[in-house]
Amino acid sequence: MNPHAKLISTMSLIMGTSITMSSNHWILAWTGLEVNTLAIIPLISKSHHPRAIEAAIKYFLTQSTASALILFSSLTNAWSTGQWDITQLNNPTSCLLLTMAIAIKLGLVPFHFWFPEVLQGSSMTTALLLSTLMKLPPITLLFMSSQSLNPALLTTLAISSALVGGWMGLNQTQTRKILAFSSISHLGWMIAIIIYDPHLTILTFALYSLMTTTMFLSLTQIKVLKLSTMLISWTKTPMLNATMMLALLSLAGLPPLTGFMPKWLIIQELTKQGMTPTATTITLLSLLGLFFYLRLAYHSTIMLPPNSSNHMKLWRTNKASNTPTAILSTLSISLLPMTPLITTMF
Amino acid sequence: MAVAVMFLNNACLRGRCCRHKVLQPLLGTFCADSMSKCYSSYRRPGSQPEVTPSWRNIDFSFKKGINALKTQLSLLKKETKDHLTGPDGHSFSHYMLEQTKVMWVFRCQEDLNKWVISSDVEIGGKSEVYLKLGRNNQGAMLYGILNTEVPRDGETKYSGYCSMRAKPAVGSFARKKYYDWSNFNSLYLRVRGDGRPWMVNIYTDPYFSHQKDDLYNYFMFTRGGPYWEEIKIPFSKFFLSSRGRVQDDQHPIWLDKISTLGFTLGDKVDGPFQLEIDFIGLLNDRAHTEEFAYETYERNPRI
């Protein structure tokens with residue numbers, strides 16, 4: 001990509017995210033969302049492959065619809081209450097519209113159909129941005145308006161996202177789609193707790209971003225786009241394979257890895273709030289995700305010769321060593337003992 | 001207004017020939033009669049005239065509806081079981097270790113029903129194409145006569161093609177299903193041709209209609225027989241075309257969402273043709289390391 005275009009896109013992404021996160025007025029927040037949408041379109045369609053163009057169009061249509069709904073929600077709220085402040089969303093219709101709009105933006109069930117397709121059509125780096133950075137502004141808006149939103153609706157969205165994310169991820173063979181469904185499932189956990197403890201949502205999002213970034217960077221380094229390629233990656237980068245397996249298990253929420261922390265805290269908070277059936281349901285549904293993460297981890301690391309592999313072995317990877325991946329892998333595996341410190345930060 | 005439209009419509013129903021001259025320019029889209037298309041009254045020479053209105057083709061039988069629902073629910077149940085088993089209903093280790101796969105095999109009439117044949121008759125041409133089971137029910141025979149005579153409709157310039165295309169896979173409740181061929185890198189065909197060059201087409205069924213004419217093609221040159229030949233076509237050789245025109249901006253085919261496969265004959269040679277196909281399969285050829293055969297150089301290098 002032209003370096004100037006890349007610079008403009010990157011700066012626009014940062015600017016759009018900053019605008020939305022720092023705004024108190026709905027119009028400014030909407031502006032930031034639109035800047036973000038427009039900035040990422042050239043990144044998604046960079047390769048000009050028909051599937052990449054398709055992904056870019058799908059992304060644009062869904063995000064524009066959601067932005068229009070956000071604007072409409074803020075307008076109806078301003079019309080009925082005279083308030084443009086994001087934290088003063090009092091009109092029930094506005095709250096409903098905003099919830100739907102944020103669900104579309106984030107890819108929550110039942111508005112999740114675009115997310116795996118868009119991720120599959122993008123490159124690994126763009127998919128990473130779509131899964132982490134592009135979710136930050138909508139989560140911020142949800143965080144700021146969480147006290148006005150309908151708890152029953154949010155709980156329904158959360159449980160259905162955990163269910164669909166786990167169920168649909170079961171038979172995926174493309175790594176980006178697997179991570180897309182993992183994202184949907186994790187978003188379910190984040191939304192489940194936002195009414196009761198919004199700071200836990202932010203903590204979950206931060207840790208999810210950490211673990212997902214580790215996975216994406218690891219997969220980019222060994223150029224794994226589908227599962228069968230993962231079988232031969234251990235020959236060239238055995239250490240990366242081992243850390244990738246642990247990062248996968250961390251994403252699954254297995255103790256004593258980092259990913260267990262948000263799940264534990266969310267279950268604890270839900271139980272304290274008397275939402276034990278919700279906590280039980282969402283925990284059981286996360287077992288689906290655990291199943292396919294374990295299967296991935298097994299097939300990538302534990303399946304060793306003399307079984308035959310389907311692919312030519314990788315000659316070389318991108319770089320000999322990758323410092324950010326190493327740091328992020330360490331963090332995504334070993335942060336659980338620091339839970340008391342981390343919870344005070346959020 | 002609606003009553004006036006209905007009255008006018010009924011009055012001219014028998015005189016269909018004058019309706020287009022009088023009513024169409026006056027009322028345009030208000031004449032929503034099922035006998036005429038609002039956007040065009042032209043019918044292609046090869047297409048059949050629409051005798052029955054479309055709403056008459058709907059079967060309002062309650063019992064048939066219940067049976068159809070039962071069929072779809074049983075399909076859904078099977079899909080759920082396959083989903084729990086693994087990708088495509090096979091176990092996960094089967095998927096990870098498979099190196100060959102037979103996609104289509106021709107042994108009975110049901111196998112032939114999964115394919116659709118077509119020719120230039122649909123644009124008014126005179127080619128003929130037929131599909132039947134081969135000798136001893138081993139293989140399918142696609143045969144016919146190619147005729148390059150152009151239909152005299154004033155707009156068609158070329159004619160003379162015959163094709164055979166697989167029907168897209170359909171799940172429960174008529175949902176589209178796609179094939180995941182990402183584990184393989186070559187198409188494997190066991191055919192016996194007549195020396196004519198065929199074109200193999202792969203359709204990936206894009207979401208938006210802008211790309212609905214996109215097709216990935218490659219050639220299949222057959223020998224005259226009498227021996228069967230096994231043709232391997234790597235997926236890296238397939239080039240992108242749209243409405244039959246090879247695109248300047250070429251991209252490799254992505255194998256995770258394949259809809260249909262087809263064979264087309266259009267070599268501009270009048271006369272009979274015959275192609276026997278035993279099976280169509282997929283292969284992971286470890287000796288083939290090419291990723292894409294076309295335009296792999298950087299077109300606008302930064303100096």
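For all residues, glycine too, the Cβ spot is worked out from N, Cα and C.
Note that the structure is predicted; figures quoted are calculated from it, not measured.
Feature annotation from TrEMBL assigns domain 'NADH:quinone oxidoreductase/Mrp antiporter transmembrane' to A:23-287.
For the transmembrane segment (A:56-76), the list of distant contacts is 26-27, 29-30, 33-34, 37, 40-41, 44-45, 84, 89, 91, 93-95, 97-98, 100-102, 104-105, 111, 114, 117-118, 121, 130, 141: same-chain residues at least six beyond its ends, Cβ to Cβ under 8 Å. Per TrEMBL, transmembrane segment is recorded for A:56-76 (among others).
The transmembrane segment annotation in TrEMBL covers A:96-115 (among others).
What TrEMBL records for A:152-171 (among others) is transmembrane segment.
The transmembrane segment annotation in TrEMBL covers A:178-196 (among others).
Outside the transmembrane segment (A:202-219), and at least 6 residues removed from its termini, the chain residues within Cβ reach (under 8 Å) are 124-125, 127-128, 131-132, 135-136, 139, 143, 175, 179, 182-183, 186, 189-190, 193, 225, 240, 243-244, 247-248, 250-251, 258-259, 261-262, 265-266, 322, 324-325, 328-329, 331-332, 335, 342-343, 346. Annotation comment: TrEMBL describes A:202-219 (among others) as transmembrane segment.
Listed as Cβ neighbours of the transmembrane segment (A:239-258) (distance under 8 Å, sequence separation of 6 or more from its ends, same chain) are residues 182, 186, 207, 210-212, 214-215, 218-219, 221-222, 233, 264, 286, 289-290, 293-294, 296-297, 300-301, 325-326, 329, 331-337. Feature annotation from TrEMBL assigns transmembrane segment to A:239-258 (among others).
Per TrEMBL, the feature transmembrane segment maps to A:278-298 (among others).
Feature annotation from TrEMBL assigns domain 'NADH dehydrogenase subunit 2 C-terminal' to A:290-342.
Between the transmembrane segment (A:278-298) and the transmembrane segment (A:96-115) there are fewer than 3 Cβ pairs closer than 8 Å, counting only residues 6 or more apart in sequence, so the two stretches are not in contact. Packing against the transmembrane segment (A:96-115) from elsewhere in the chain are residues 33, 58-59, 62-63, 65-67, 69-70, 72-74, 76, 89, 135, 137-139, 141-142, 145, 149-150, 153-154, 157-158, 160-161, 163-165, 180, 183-184, 187-188, 191: each is 6 or more residues past its ends and has a CB under 8 Å from a CB in it. Sequence-distant contacts of the transmembrane segment (A:152-171), counting only residues of its own chain at least 6 positions beyond either end whose CB sits under 8 Å from a CB of the stretch, comprise 96, 99, 103, 108-110, 112, 116, 177-178, 181-192, 194-195, 275, 278, 281-282, 285-289, 291-292. Along the domain 'NADH dehydrogenase subunit 2 C-terminal' (A:290-342), the predicted structure has mean pLDDT 76.
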